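K.L.:
Next up is a structure, given as structure tokens.
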Amino acid sequence: MPEFLLSLLLLDQLLHQSGGKVNLAQCKANGRLPAQHQYYQPGEILIGGIVSQLFFPTFAPILFEKDPQRMVVNDYIMVLKNYQHVLALVFAVKELNASPQILPNHTLGFHIYESYFSARKSFQNTLNLLFTRKQTNLNYECDMEKNPIVAIGGHDSETSLHMATILGLYKIPQVAYCLLPPEVTGKIQQPSLYRMVPNEEHQYTGIVQLLQHFQWKWVGIIAMNDDKGEMFVQNLAHKLSENGVCPAFTERVPDQSSFLDSVDIEEQCYKIGFLLSRTNVSVFVVNAETQTMTGLQWILTVMTQQYDRIPTRKVWVMTAHWDFSSESFHIGMDIEAFHGSLSFAGPSSEVKGFQNFLQILNPLSKEDGFIRVFWEQAFSCLFLSMEESEQDCTGEEDLGSLPALFFEMSMTSYSYAIYSAVHVVAHAFHAMFSSRSKSRKAVGGDNLEPQKAQHFQGEVVPRALCNDNCHPGYHRKQKEGKPFCCYDCVPCPAGKISGQKDVDDCYKCPEDQYPNKEQNGCLPKDINFLSYAEPLGVSLAVSALTLSLATVAVLGIFIRHQNTPVVKANNRELSYALLISLLLCFLCSLLFIGRPERVTCLLQQTAFGIIFSVAVSSVLAKTITVILAFVATRPGSRMRKWVGKRLASWVVLCCAFIQASLCAVWLFTSPPGPDADTHSVLGEVILKCNEGAGSLFYYILGYLGLLALVSFVIAFFARKLPDSFNEAKFITFSMLVFCSVWISFVPTYRSTKGKYVVAVEIFSILASGAGLLACIFAPKMYLIILRPELNNKEQLIKSKKGRNL
């Protein structure tokens, strides 16, 4: 397209020149293409410039029906902020001319033209830069001393491409101050094209990083309906997909020709405006070329005025191509839709003296062909003329009073790029003229500091997602047939959490922590064990001490009445052994209460097993002694030699030795020790004694059960012996209680968790011990204390004779 327009201009010029004789030596030319707006200052080193600040709502096409020089359009609107681009170039030239350090023997000049955001005007005025007599004579040898040696421009990549197409033919260096996409620079076959801003590829990376910072993963893309817009969409969509951001839609803004020629432009505006206002997408990424933003603003204006629809509460992410706030249309338009916008910008810095330079501008200057237009549109006035106006321009209006939305007193990023470009050119020529430059030597100049990014100033960051974030406590599950950023939120399974948004999987808490109710964080677990500070521990301890005192009382009574018939008839020594073992059983239960330590863990089960084996074996010995005593009283019985203290002692010792051996094997192979159970009870770390080889613990219980079962069977068969000797029926009841307690203990112990496991074992020890104490010794206490008259030899003989009769 640029080559086609250039061909038309060349053909037009040749047609104008075909009617007369051309003398190349005198550089005569009759065809003149006028330039309405320009700014010229002579100098030995002439710097050319193409700026973009005037916009024509309508631009008549070339139809080759009349001379293009008469095609002058006065209906234009100025982008007010862009006038600062002109002032930045002028200020830089004046500053350098006043400096004795840079080019002291040379003066800088400039010649600035307007592109009008038009390809035709960009080509035309680039040619005007080369041929300063305002005659488009395509012979660069004419008027060499007044030709520019470098050009600065343009404002956008399209204008820069148009300029480079012409300047490249004449090997004129060009310094661009706009972002140039890689695909544009690839089309420009000119090694002398320089840029004052980074490659546009970095801007895509910046957009992705911004979206990721705010976790915006569901965005819309808006671009112009042309080749540049298509390339922007392709490059950005590729970058977004690589970094986990989904383009929800891509919308194309009609170009300028569509607004002029299309009969269905209103329908297009309604379609785009309706999409932007009704979509659930909260973030729009806009390729903020000037024409894109102009078209977008027209669409929003139409939607507001005719349909009362405007997309509010949206975030607009603008590229650095254009400062949307500079659009002069804002004077008459509602910009509410753009509140909350984020715009990328190039580097900028405060330049000393620039604001003073702006304050002394003279709007009546004849050299500056832009200032009158700027002044009239900025202050809504007209200079003295035949036209009627509500307000006349005096020239004394204050630029500082203009809102920053329309004009800034500080240097913008584009202006700073132009200012820096002039300095780069001046330093290069200074180095050349001073004969001190070296190949690729970096000359001095101010370092350009990158503009610091501003943090989001709102209290709430807008959301831009396909669906709501998966809050902590949930994890993402991909939706079938949907883009990767569309997913369902599934609660974390029990025992797992997710502490952040949009996690792919939940995870477990550390061992000493547990998930909270919302499963979005971990809470420290309470350390728990059966202690003396809680009611359960106190109750069990009091019960143990009470039973211990009761056992001591029974033992004391037995010792005091040791010579009475009841005590003697029930094997006094075995009764003492049984009572002492029961006392120790009650006391050993206290080892299970309190914080588990290594010593207590070693003593708990072993002390319990050995002491209880002594108690049960004492009961067994008493039962065997009763039966042997009854059998030995028969005439000619051979069992007399087995009756005596020696048999009872051997029974107790042998039974206790077997249990002690089992405990010794347990302690040497896999001893118990303190342990922390973090899994049994949610939210608690249970401190307990690890049983080590758990099977040996059940061997100990099984051995006790075996002794109890043998005692129960023997006592059951001996229950019908004479009453004076008969203790078997009480032993039968005691063993029945003992076996019932420990049989129920096993399933209860296996199903209970936490500190209640210890409580169950303590209760079993106390209950079985209390059963032995009550069933065996309660009848004897009744006779000794309540019926002492029955506790004598005569009563026993009398009772025996009565039963024999």
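Using N, Cα and C of the backbone, Cβ positions are placed for all residues, glycine too.
According to TrEMBL, the record shows the following:
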- 536-800: domain 'G-protein coupled receptors family 3 profile' (DOMAIN)
- 1-20: signal peptide (SIGNAL)
- 536-559: transmembrane segment (TRANSMEM)
- 574-594: transmembrane segment (TRANSMEM)
- 606-631: transmembrane segment (TRANSMEM)
- 647-668: transmembrane segment (TRANSMEM)
- 696-718: transmembrane segment (TRANSMEM)
- 730-750: transmembrane segment (TRANSMEM)
- 756-778: transmembrane segment (TRANSMEM)
K.L.:
Out of 536-559, 574-594, 647-668, 696-718, 756-778, which stretch touches the transmembrane segment (730-750) the most, going by CB pairs under 8 Å?
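P.N.:
The stretch with the most contacts is 756-778.
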K.L.:
Does the transmembrane segment (536-559) reach the transmembrane segment (756-778), going by 3 or more CB pairs under 8 Å (6 or more apart in sequence)?
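P.N.:
Taking Cβ pairs at least 6 residues apart, the transmembrane segment (756-778) and the transmembrane segment (536-559) are in contact, with 3 or more under 8 Å.
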K.L.:
Between the transmembrane segment (756-778) and the transmembrane segment (574-594), do 3 or more CB pairs sit under 8 angstroms, pairs being 6 or more residues apart?
P.N.:
yes
K.L.:
Spell out yes or no: are there three or more C-beta pairs under 8 angstroms between the transmembrane segment (756-778) and the transmembrane segment (647-668), with each pair 6 or more apart in sequence?
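P.N.:
As far as Cβ distances go (cut-off 8 Å, pairs 6 or more apart), the transmembrane segment (756-778) and the transmembrane segment (647-668) do not touch.
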K.L.:
For the transmembrane segment (647-668), find every same-chain residue at least 6 residues outside the stretch whose CB is under 8 Å from a CB in it, and list them.
P.N.:
571, 573-574, 577, 602, 605-606, 609-610, 613-614, 616-618, 620-622, 624-625, 628, 692-693, 696-697, 699-700, 703-704, 707
K.L.:
Return the average pLDDT for the domain 'G-protein coupled receptors family 3 profile' (536-800) as a whole number.
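P.N.:
The predicted confidence over the domain 'G-protein coupled receptors family 3 profile' (536-800), as a mean pLDDT, is 81.
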